[in-house]
Amino acid sequence: MPNLIRTGLLMAALTALFVAIGYWIGRGAGAAIALAFAAAGNFVAYWVSDRAVLAMYGAQPANQAAFPRLVAQVDRLASKAGLPPPRVYVIDNDQPNAFATGRNPQHAAIAVTTGLLGALDEAELAGVIAHELSHIRHRDTLTMTVTATLAGAIGMISNLAIFFGGSDERRSSPFAGIAGLLLLLLAPLTATLVQLAISRTREYAADARAASLTGQPLALARALMRIDEMARWVPNDDAERNPATASLFIVNPLSGTTFDTLFATHPPIRERVARLRHMAQFDVSKN
């Protein structure tokens, strides 16, 4: 199944799950409100998601004078990829990480943390930037942002529904009450699994395209391992407060528990590194 169709079906599943929760809360009216809320959320995500997520992480514009290495790398690789240079931002956070956002290549931005700039060498930084540019080129940024918006909304409405309960008819029926409780408890987990299904193929593809763009798959592999290792013990408090946005980052920014790791929105680093090492056996720059 083509990735575009598969992603569309998964996003439709998220919307259906959101509407189902609305139906449990208020039957037909609740479902209609949930559908309208989902549509409005996606509309807002399309137009202002980049500004919202950048503000959420306190990202500041990176200028050439303060961050010459970063800006030069982004401009060089964007030109090589045939993309307009995205806006570049820096987040004051010790955890090395990065993400891209924006509805299309003409309205895109790349944000990196100060921890990333201090932890990676030139080749490794180029690999990370190329990875994010790949997301921009193939409009993964829009897909991941809309998915994160829906997943976050599902978690929020599930918590509200558990607190306030469903309709009177639902509360009067033990079976309906149990079924509804299961729906509300499992909905956020299901949303995370859908995020994982969308993210997995897109992260692998972005890794491969980044390696092809730079011609240095091992540099990206080293970067992924270093980011993953440091993310385990260097917290990202903003990401912990907004876990639905974790899928935007190149490496999962959440410290988490073993249970959380099982349902992380990123494919395992060891698998990503193994694929890059396999690519290194060939002249990826000619692919």
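Note: Cβ is positioned from N, Cα and C throughout, glycine not excepted.
Same-site candidate for Zn(2+) binding, as annotated by Swiss-Prot with His131, His135, chosen from Glu203, Glu229: Glu203.
Residues 15, 18-22, 103, 142, 145-146, 149-150, 153, 157, 167 of the same chain, all 6+ positions outside the transmembrane segment (28-48), place their C-beta atoms under 8 angstroms from a C-beta of that stretch. Looking at Glu132 (active site) and Glu203 (Zn(2+) binding site), their Cα atoms lie 10 Å from each other.
Here the recorded positions are Glu132, Glu203, and the one with the most other Cβ atoms within 10 Å of its Cβ is Glu132. Annotated Zn(2+) site His131, His135, Glu203; additional same-chain residues within 8 Å of its Cβ mean position, judged by their own Cβ, are Ala100, Glu132, Ser134, Asp140, Arg202, Ala205, Ala206, Asp207, Ala210, Ile250.
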